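Here the structure comes first, spelled out in structure tokens, and everything after it is commentary.
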Amino acid sequence: MEAIKGSDVNVPDAVFAWMLDGRGGVKPLENTDVIDEAHPCWLHLNYVHHDSAQWLATTPLLPNNVRDALAGESTRPRVSRLGEGTLITLRCINGSTDERPDQLVAMRVYMDGRLIVSTRQRKVLALDDVVSDLEEGTGPTDCGGWLVDVCDALTDHSSEFIEQLHDKIIDLEDNLLDQQIPPRGFLALLRKQLIVMRRYMAPQRDVYARLASERLPWMSDDQRRRMQDIADRLGRGLDEIDACIARTGVMADEIAQVMQENLARRTYTMSLMAMVFLPSTFLTGLFGVNLGGIPGGGWQFGFSIFCILLVVLIGGVALWLHRSKWL
């Protein structure tokens, strides 16, 4: 592959443009630099920025069918080989505090042995790990190592989020054992997060597996083995997601049963209260008809005696219900 001039890649509003020094570090790209396989370049762009969008649309370094994909058209994880280059779309956990983590961020990458072009709109939190390693001089030394480190960081963040969801399910199961029902919508949100993760992480696992099996010229055998390990690790995370989805279904049935039992218990209590007060209600209604005058109305102790009789009647009914084991 021919060398590339630094001036052909230096985009003014790029998030960053670095050259890998081959020793695990980076340096800012200069217009006078020469980009080749021994000194590859990583260009990271926000495709909504004006200069970045214009560069993506006009640069001759990218194949025509790659431009739209890097500009935000591709969202589902996939990998496509295009001559000497490879187009990769990946999804990662959203690290923004203003949005839910399951609203995944898309990152698109086109790379060959000398050039890495990655684009995004929202910040890709997992890239901070790779950037930190490069700034400390302990990062990848070539394009293949860069791709493996990025996929490893993405999988680490996905695994952490899956573990958080798993912990929430365990807490929810413990609360259900204590007859504590979660707030309305909590289980639905948890299930949605699991389903969204399953939807995007399954094809991403396939992307990793294909990268491990493809004989890409800029990936070594050791890097392919590492990529296969990453695919296997994400596969175990998907198995955990499937188990969690099944457990949320069981918990939904358990919550419905607990709510039904609580409703039945309240209905039963109200029925018993109605049974206790039914005789007293009948007597007060009968005396209140007042067609022939209220019995005992002219006696000064009439009302007191009537109240005592009502208390005795209510107590008798309650005692009968208790002995009948209804109370």
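Placed from the backbone N, Cα and C atoms, the Cβ positions cover glycine too.
Residues or ranges marked as topological domain 'Cytoplasmic' by Swiss-Prot: 1-272 (among others).
The topological domain 'Periplasmic' feature in Swiss-Prot is assigned to 289-302; the stated evidence is experimental evidence. In the predicted model, the topological domain 'Periplasmic' (289-302) shows an average pLDDT of 69.
What Swiss-Prot lists as topological domain 'Cytoplasmic' is 321-327 (among others).
Taken from Swiss-Prot, the feature transmembrane segment covers 273-288 (among others).
What Swiss-Prot records for 303-320 (among others) is transmembrane segment, and it gives experimental evidence as the kind of evidence.
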Residue distribution over DSSP helix, strand and coil in the topological domain 'Cytoplasmic' (321-327): 3 helix, 0 strand, 4 coil
